[in-house]
């Protein structure tokens, strides 16, 4: 591991610090996906499928499960800076590495923008006169400050942010169970009638369930944090598989349980909201409508913490990917430098650009800002999932040819599962043409521009040859 670290990182001021513990990595990985996609975006998802949204989240969660284990396999074998992006460069070549890393970095930037925009919306519940643009800027400055601190402070803050979210969702599910099956002193049990009334369990049929599953993809964006944190893990070969295992099952439990409560406590027609006009979280709406005293305000506070936490995790991942790109000459060189405490300050400042864009959108078009960011981030997440699975296919093929031992974590069902995830991801992108047109208006040109940017960069700059990670491992085993 020590040799691998030396090969993986530049000396001195470009080296990331290995200061993240197993518990912190698990919470960082969980935190990225427990954010706005669930707490605010669920209103838009419920609009497409009604109570059957529960099934939609299970479908999207199944895809996310496969991606998480593919990522865990890649980075538990190669815990290098840049995570799966650096591994993609090794197995897919410079073009694959460039697209994988810049796409992921930009996607996380957009996700950060969505999270801080959502944070401003939560603040408006208590400060109705707060301008959304001003609120977005204030939340952005707070998150940037955390990421410019030491890695240990970041890990500690994110651990407790995530713990608050986990406890809050657990309490929300338990409170929902009480409302549904027991009732309150002054109210009878709600029962499960809301799941079948108002058009039935699946008011828009199978097509509605599949449409909502496409929308739910955004909710699972951030699971890739498990990969990026490998280079700062104290024991990546142990911590990454453990984090992947605990994270995805918790996510599925929280998503399915929480959405089930939302659609059972109140008619789904009350909590459903178009993305373009979301004003409040469906969680807060459900608790307010159920007349649980003070619960709406408490939940709104938790949602604010959740959004800031997810923004914190996404900014972390984006800055680490930009740091790895800078080391390979594919991003401004100053982004490769780190502080004495191992934090990539230059990369964090570049990554903060996503918050600036979100602030501008929130000021110029406050009603549509979240929908734009949501749609663009969904495209980036799908590209990340496809490139991850392409990398995994090449990874398995090369390792088998060289006779290398299995990685500490393994994706079951390969190569069938990666091929299925690629096919389903492409099908979801096609479906977004009708569900979320912004994903096509912005997404397709974005992908073409990113590929074109690589060829322009390759013409004007001599790019380094990607590391042969499998070859390095083989030579190390022989010695």
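Placement of Cβ uses the backbone N, Cα and C atoms for every residue, glycine included.
Unlike curated records, TrEMBL annotations are generated automatically.
Marked as transmembrane segment by TrEMBL: 20-42 (among others).
Annotated domain 'Amino acid permease/ SLC12A' per TrEMBL: 25-459, in sequence order.
Sequence annotations record features per position, and here TrEMBL assigns transmembrane segment to 54-72 (among others). For the transmembrane segment (54-72), the list of distant contacts is 33, 45, 48, 83-84, 202, 209-213, 215-217, 219-220, 223-224, 226-227, 240-241, 243-244, 247-248, 251-252, 255-256, 259-260, 263, 385, 388-389, 391-392, 409-413, 417-418, 420-421, 424-425: same-chain residues at least six beyond its ends, Cβ to Cβ under 8 Å.
Per TrEMBL, transmembrane segment is recorded for 133-154 (among others). For the transmembrane segment (133-154), same-chain residues at least 6 beyond its ends with a Cβ under 8 Å from one of its own Cβ atoms are 16-17, 19-20, 112, 116-117, 119-121, 123-124, 127, 232, 307-308, 311-312, 315-316, 319, 341-343, 345, 348-349, 351-352, 355-356, 358-360, 362-363, 366.
Under the heading transmembrane segment, TrEMBL lists 166-184 (among others).
According to TrEMBL, the transmembrane segment annotation covers 204-226 (among others). Sequence-remote contacts of a segment are chain residues at least 6 beyond its ends whose Cβ falls under 8 Å from one of its Cβ atoms, and for the transmembrane segment (204-226) they are 25, 28-29, 31-33, 35, 37-38, 41-42, 44-46, 48-50, 52-53, 55-57, 59-61, 63-64, 67-68, 71-72, 75, 83-84, 104, 107-108, 111, 240, 243-244, 247-248, 251, 255, 310, 313-314, 316-317, 374, 377-378, 380-382, 384, 388, 428, 431-432, 435-436.
The transmembrane segment annotation in TrEMBL covers 247-269 (among others).
Among residues of the same chain six or more beyond the transmembrane segment (289-311), those with a C-beta under 8 A of the stretch's C-beta atoms are 31-36, 39-40, 111-112, 115-116, 118-119, 122-123, 125-126, 139-140, 142-143, 158, 161-162, 164-165, 168, 172, 175, 179, 184, 187, 190, 222, 265-266, 270, 281, 283, 355. Residues or ranges marked as transmembrane segment by TrEMBL: 289-311 (among others).
Marked as transmembrane segment by TrEMBL: 347-365 (among others).
If you look up TrEMBL, you'll see 371-390 (among others) marked as transmembrane segment. Same-chain residues lying 6+ beyond the ends of the transmembrane segment (371-390) with a Cβ under 8 Å from its Cβ atoms: 41, 44, 63, 66-67, 70-71, 74, 84, 88, 92, 96, 99-100, 103-104, 106-107, 110-111, 113-114, 117, 215, 217-218, 220-221, 224, 275-276, 278, 358, 361, 365, 418-419, 421-422, 425-426, 428-429, 432, 436-439, 442-443, 446-447.
If you look up TrEMBL, you'll see 411-432 (among others) marked as transmembrane segment.
Taken from TrEMBL, the feature transmembrane segment covers 438-457 (among others).
Between the transmembrane segment (438-457) and the stretches 247-269, 347-365, 411-432, Cβ pairs under 8 Å are most numerous for 411-432.
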